Each structure stands twice: as structure tokens, then as C-alpha cells.
Amino acid sequence: MYISFNFFQLLILAGAVNGLIWSALIFVKKKGTRGNVFLGLLLLVFALGSIKIVLQEKIPYFNHYLPVPLLYQFTFGPLLYFYLKTAVTDGYRFSANRLWHFVPSLLFDLLPALILFNLTLSQYTTLVQKPGFLMDILAFVLFTVYGCLSFSLIRQYKNSINGAGNKAMIKWTDQVMGASFLITVSWFMYILWVIFLKGRSLSGMMPYYPIYLVLCCCIYALGIAGYYRPEIGLLYLPVKGKRELIPPAELTDKKAALLQKMKEQDWYREEDINLQILAKYLGIPVNELSYIINTGFSMNFNDFINGLRVEDFKQRLANPTNNKFSLMGLAYDSGFNSKASFYRAFKKATGQTPSQFYKAGEKSA
């Protein structure tokens, strides 16, 4: 029996085959197991859905004869979200209490397929079309919700020190969000097409072809990048050795990002600031912040904070409008909580006492 495929079916089928190949390669890749799971599953469900589209057009009532579904559209959103969550969150682990995110797929992907399998052919042809389209709309809404959650996650990451110090990851997450936006738009077009054009084909193009062509493009982009570019953090989670927790180039970026955040937020002025509180503000692990300060700046946490306070004090002292305030008044405004700690920190940072520094400034003026 000779089976022919149209141009769009060939494109979708080629993308599906690539999806199966890339997902298999990513699953067997040894490094970064947690990242592999979500990336591999995402490519796999994209590929299976694409295969389903081609088969249902070539085999009449194909879905009726298959007890296990090929389309898991209710997993698209959760897999995308946890894919990004794994990428941007250090040490993130998916736990069993998050499996509820995949309950909609169980209810609306798997269960209906089992029900349809047990219908007679006449019942199937009568009942399948309208509920199927309603499921498509519901899956679209769910994907949009997870897209918004992913956008919020990426925005938080960009505002954290990890994001500010990892330009490659920011670029990659922007590309992933761009791909999800294209999926959303093409999915919405499909819904409008079915509602207003009654699902009619245009020049041989079925209403669902655009979204599956977009999914196939995502298969190529995510598969190739995920497999060959470990630096984006999806497949490779670096082993945190004792000597080098962060690569030197990345450490330089994170040092600059830390200083920028400290100057923007003035956290060093808080009297009770400590390593744990600052790490929480920045959204990074305590050991990572400690490494940035200890290794990057070659100082401990207290010296780092006091150094920023000293610089703040010097800037205040140089401002003529502050001449009416005492040295200790300016020191308190800079975050110091006692005269002893202020004098000790200032002498350590500058080699002079505050009074000596002030008098030297008056003479130079």
C-alpha cells in the first residue's frame, strides 16, 4: 500500500522524528540528570503530538483504535515551567508533592483516550469532535497560565544576582520564552480558525498545522541547544568542588552584580544584616554568596559590609550639605551601630582614623 504525504505533513513528521532522536540522546546523557528529565520529556511530548497529527490524517479513526494517547497537550505548560525552574534555580529538586501539576494531563489527556477506546465506532464519530476541541481550548488556557508563571520566574531571576551574573542564561531563557510565545500565538490562531472558519483548510493547510510547525521548530532549537550547549545550565549542573565553586569568568560577573545590587538597595545600612539575610535578599544560596565574598573580594562578610559602609561614610563626608552633622552621625546613617566598630572598620579600610581622614580632607581643600 502506497502512502503519500503532503508538504506540511512531511515537515511535521521530520520534526517528530528529530524530537524522538533528541529526547533519546538527552535522556541518556549522563550529566545533569534533573535537567535532562524535563527537557527530554518536553521534546518527547512535542514529537508524539506531531506523530499523532500525521497518523490521524492517514488512518481513519486512528484515535479510536489506540488505547494510549499520543497527544499530551496538558503537559506542555508544566514541563516548560519546570524546565525553566531547573535551569535558573541552583540545586532545585522536583519532589513528589509537585506531581499535582500533571493531574490535568491524567484527567484530560489519558482518561478520555481510555473512554474513547471503549466506545463503538458510531459513538466515537458522534461524540469525539466537539469535546476534543473544548479540550484544546482548556489546554491552551492552561499553557497560557504556565507561560505567565514562567515569565514571572524569569523576571525574578533577572533581578537576582545569579541572573545579573549570567548573561548566557538570560539570553537563553529569553529565547525559550519567545518560543513559548510563538506556541501561544499559533495555538490561539488555531482556536480562532476553528471557530470562525469552521475548521476549513486553506490552500491545503489544516487549522492545526501552524502550531505543529512551530512545535517542530522548537524541537530543533531546544534539542540542539540543550544537547550541545551545557553552559546554559539545562543539562550540566557543575560539581561544586572545594576550591572552585564558581568559574573565574562567572565570578567576575557576579562580583560586579553583587556590588551593583548593594549600591542600589543599600542593604549594608541595615543594622542586623548578616550572610543569611543578604543571601535571601539576593535569591542565591548562602554558600555561593560566601564564596563570592571570600574568594572574589578576598575578605570575610563583616569586612565586606563594613567596607561598603566606609565608602558610604566618605561620600557623605564629601557632601557640603552634611557639614552640620557630626562624624558619628554620618557613621550611623551609613550603617554602623557603635563608635568602636566604626573606628575599627575605618582604620582597617583606610589606614587612618575618621578624625585623621577628616583633617586630611580639610587641609587638601
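Numbering starts at 1 and runs along the chain as it is shown here.
Backbone N, Cα and C atoms are what each Cβ position is placed from, and that goes for glycine too.
Among the features that TrEMBL reports, transmembrane segment is placed at 6-28, 35-55, 70-88, 100-121, 133-154, 175-196, 208-228. Under the heading domain 'HTH araC/xylS-type', TrEMBL lists 253-360.
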Worksheet entry | Intrachain residues whose Cβ lies under 8 Å of the transmembrane segment (35-55), provided they are six or more past its termini | 5, 9, 12-13, 15-20, 22-24, 26-27, 29, 62-63, 69-73, 75-76, 79-80, 82-83, 86-87, 94, 208, 212, 215-216, 218-219, 222-223, 226, 233-237
Response to the item:
Across 100-121, 133-154, 208-228, the most C-beta pairs under 8 Å with the transmembrane segment (6-28) come from 208-228
Worksheet item: Looking only at the domain 'HTH araC/xylS-type' (253-360), what is the mean pLDDT?
Response: 90
